[in-house]
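Okay, structure first, notes after.
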């Protein structure tokens, strides 16, 4: 390794250290029962309002979980993904990876119910963190305690999404670096990828693996060829509208089946298959696949709490938005 490479590697590790310290200090400003005195019924109102939607449309759980993930990876968990674009600036919401997000109407309904009870107290960032948790729990997934006290950011920039958000085409090195930059480790990467046990994807996220993997009209050799045949029946080349289950047969159920699929080389995205390219993530995939997800629920809860503390604004930082799509 040359001197320049060593220096760059050292600087990168120092940058991650600085980010982790600032993340940790702000995360210390979060606590359980944060609204106990200022809005005692907040969590109960949020849960009841979320249930009204999830009980009728359980498939909303996946996009709401994804929305929280997309929020936390860009500028931290500050509700920036919820902001509308303005004449002055195009927001995260309009970036291609976020154009398929849905469930904003749930966040708006929850915010409106909370505002009625206590105006200007509960942040949109906290609402999103609780709605994601409640949605997963309501479809029989794990339940985790959410420390609260996040404040809402005032900035949302389209281009930051491409730099910060892990893409479905990412390889294991890129994934590990992007997670490390958020203070999340390799185990968190393997665990949070398991969120793909619920939900659907447009063909666009993986058709390169079926039709043109290296630009020569070939398929991805890391994917089970029998699975490729099935996917080709659902996704024709250049299909931008069809939806495919990420965890076929159990895409509405929060379970460990995702890991069984990845172990059989049937992960839908390159970023799913990439989990087999690292000893630690591969071991985690095989452990969950071979033990019916013995530790998955507990691990997922722990990693979600960690992710929910990434880059949070606390104290006097940011604001409490009156409407989640608009800065005050």
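For all residues, glycine too, the Cβ spot is worked out from N, Cα and C.
Since the structure is predicted, the reported quantities are computational estimates derived from the model, not experimental observations.
Residues or ranges marked as signal peptide by TrEMBL: 1-29.
Marked as disulfide bond by TrEMBL: 39-118 (among others). Counting only same-chain residues at least 6 apart in sequence, those with a Cβ under 8 Å from the Cβ of residue 39 (disulfide bond) are 114, 117, 118, 121, 122.
Under the heading site 'Transition state stabilizer', TrEMBL lists 66.
The active site, proton acceptor feature in TrEMBL is assigned to 70. Here the Cβ of residue 70 (active site, proton acceptor) has 23 other Cβ atoms within 10 Å, regardless of which shown protein chain they belong to.
If you take the C-beta of residue 80 (Ca(2+) 1 binding site) and look for same-chain residues 6 or more apart in sequence within under 8 angstroms, you find 71, 74, 91, 92, 153, 155, 156. Positions annotated as Ca(2+) 1 binding site by TrEMBL: 71, 74, 76, 78, 80, 92.
Per TrEMBL, the feature disulfide bond maps to 72-77 (among others). The number of other CB atoms found within 10 A of the CB of residue 72 (disulfide bond), across every protein chain shown, is 30.
Annotated disulfide bond per TrEMBL: 124-324 (among others), in sequence order.
Per TrEMBL, substrate binding site is recorded for 166. Sequence-distant neighbours of residue 166 (substrate binding site) (same chain, six or more apart, CB under 8 Å from its CB) are 73, 174, 175, 178, 179, 271, listed in sequence order.
Annotation source TrEMBL lists Ca(2+) 2 binding site at 197, 247, 255. The C-beta environment of residue 247 (Ca(2+) 2 binding site), restricted to residues of the same chain at least 6 apart in sequence and closer than 8 Å, consists of 196, 197, 198, 199, 257, 258, 261.
Positions annotated as disulfide bond by TrEMBL: 203-235 (among others). For residue 235 (disulfide bond), applying a Cβ distance below 8 Å and a minimum sequence separation of six or more within one chain yields 203, 206, 207, 210, 242, 244.
On the backbone, the CA of residue 78 (Ca(2+) 1 binding site) and the CA of residue 124 (disulfide bond) stand 8 Å apart. Of the chain residues outside the Ca(2+) 1 site list 71, 74, 76, 78, 80, 92, 70, 72, 73, 75, 77, 79, 81, 153, 156, 311 have their Cβ within 8 Å of the site's Cβ mean position. Considering only the recorded positions 66, 124, 324, no residue lies within 10 A of residue 76 (Ca(2+) 1 binding site) on a C-alpha to C-alpha basis.
For residue 324 (disulfide bond), the nearest neighbour among the recorded positions 66, 70, 72, 77, 255, judged by Cα separation, is 77. Each of the binding-site residues 92, 255 was scored by how many other Cβ atoms lie within 10 Å of its Cβ, and the smallest score goes to 255.
Closest to residue 66 (site 'Transition state stabilizer') in space, going by CA atoms and restricting to the recorded positions 77, 124, 255, is 77.
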